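Written out below as structure tokens is the structure these notes cover.
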Amino acid sequence: MNTSKKPSQKHPQSAPSKSQRPQVRPTAEGWKQPMGPDGRPTLQFAQRPRVKQPPQHLADMTLAERQEKMKELGLPAFRAKQVSTHYFQHYTDQTEEMTDLPKDKREAIGEAFFPPLLAEVRRLVTDDGATIKFLWRLFDGALVESVLMRYPNRITLCISSQCGCGMNCPFCATGQNGLTRNMSTAEIIDQIVKANRVIAEGGLGKIRGDDQPQARVNNIVFMGMGEPLANYKRVMNAVHRMIADAPEGLGMSARGITISTVGLEPGIRKLAAENLQVRFALSLHAPDDDLRDDLIPVNSRWKVDEVLDAAYNYFETTGRRVSIEYALIKDMNDHAWRADLLAKKLNERGRGWAHVNPIPLNPTPGSIWTSSTKEVTREFIQRLEAAGIPTTLRDTRGKEIDGACGQLAAAE
Ligand code: SF4
């Protein structure tokens with residue numbers, strides 16, 4: 001337990017447990033969580049003023065805006081569709097490869113539409129080539145990651161939406177330096193285009209039972225670096241670019257996009273009002289405020305019941321079942337009574353509206369952030385199922401390369 005963390009006696013060393021099992025309290029290991037004057041972990045909802053954003057890129061603009069820009073360059077509007085096709089369908093931003101553009105204009109078009117955004121720093125490959133973790137350097141030196149995963153019937157990319165993060169979760173080193181800045185729409189999109197290029201060049205191996213050359217990312221999860229709902233506008237623009245038909249965008253299905261949050265209640269309601277068919281995932285990890293206040297510090301702002309109400313509203317508005325992410329952490333949040341409480345809170349709001357995904361952690365000897373035992377995991381799932389809650393233990397791909405993402409949730 002973290003004794004230096006809070007001045008209050010709210011969480012004494014041996015908190016009375018509702019079961020015979022011990023109660024481990026969340027605390028950062030190997031780094032210090034920034035604390036505010038109230039003794040609570042600091043939260044940062046916006047980037048600092050005057051943080052420089054990257055130059056405007058084709059993917060920041062709608063098709064109409066690209067056409068305008070072409071006209072400003074003294075070129076006909078139809079050139080906008082041509083460059084969009086190169087970028088979104090051929091995955092290139094190199095204008096010298098765009099042979100249908102006038103040769104003497106390629107450089108100017110490149111400068112106007114394709115400032116370099118993501119430079120690959122490192123690529124780690126695992127799972128026999130089916131998982132790749134990319135480390136990207138952005139224009140200002142900030143580093144972000146994305147993880148590409150090939151499954152038999154889909155290709156998933158876990159993407160980042162912010163440089164750093166202001167949510168200060170004790171299990172996540174991303175948050176330790178706070179939020180540097182929001183990623184731009186184009187920086188978010190360029191992760192997908194770059195991944196598609198790697199797939200097209202054969203970098204992700206062959207799709208099993210299928211050697212179609214058009215294989216590309218068809219599943220997006222916002223579970224990389226950052227809290228997507230804290231960068232709402234740019235994330236939503238990116239979603240619109242993903243689902244816009246080619247050549248305006250990537251022509252992806254909204255149903256293949258998952259937006260995940262630690263619980264920014266107003267953002268969840270705003271997202272519901274968009275009434276898109278994107279999948280919504282709430283990283284809950286605890287059904288009680290007492291634990292969640294420490295495990296997910298933003299819970300001090302919006303409590304479990306408030307975020308569950310907002311999640312239920314998402315289901316009611318969109319008709320899409322909500323995913324509740326729940327990493328099982330030994331003796332911290334895996335008690336049987338918590339499974340019962342979670343089921344009760346979900347059932348109180350309705351039936352069949354939420355699906356719980358317990359996520360197994362890696363065994364980490366000596367750490368408080370370690371996996372629950374098999375028996376405890378089984379019981380936790382059984383209790384949820386007995387209460388009628390659809391529950392699926394998640395696969396945690398990519399952990400060998402530490403690709404498991406920031407919200408303790410591996411991307412599928
Ligand atoms: S877990 Fe997610 S929300 Fe929490 S600090 Fe890390 S990136 Fe931010």
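Using N, Cα and C of the backbone, Cβ positions are placed for all residues, glycine too.
Here's what TrEMBL has on this protein:
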ACT_SITE  GLU145  active site, proton acceptor
ACT_SITE  CYS405  active site, S-methylcysteine intermediate
BINDING   CYS165, CYS169, CYS172  [4Fe-4S] cluster binding site
BINDING   GLY226, GLU227, SER260, SER283, LEU284, HIS285, ASN362  S-adenosyl-L-methionine binding site
COMPBIAS  1-22  compositional bias 'Polar residues'
DOMAIN    151-399  domain 'Radical SAM core'
REGION    1-56  region 'Disordered'
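For LEU284 (S-adenosyl-L-methionine binding site), the spatially nearest entry among the recorded positions GLU145, CYS165, CYS169, CYS172 is CYS169, judged by CA separation.
Only CYS165, CYS169, CYS172, GLU227 of the binding-site residues listed as CYS165, CYS169, CYS172, GLU227, ASN362 bring a Cβ under 6 Å of any atom of ligand 1; the order follows the sequence. The Cβ of ASN362 (S-adenosyl-L-methionine binding site) has 14 neighbouring Cβ atoms from other residues within 10 Å, across all protein chains displayed.
When the recorded positions GLU145, CYS165, CYS169 are ranked by how far their Cα is from the Cα of GLU227 (S-adenosyl-L-methionine binding site), CYS165 comes first.
Secondary structure at LEU284 (S-adenosyl-L-methionine binding site), taken from DSSP and collapsed to helix, strand or coil, is coil. Here the Cβ of GLU227 (S-adenosyl-L-methionine binding site) has 30 other Cβ atoms within 10 Å, regardless of which shown protein chain they belong to. Its Cβ placed at the centre, LEU284 (S-adenosyl-L-methionine binding site) has 28 other Cβ atoms within 10 Å.
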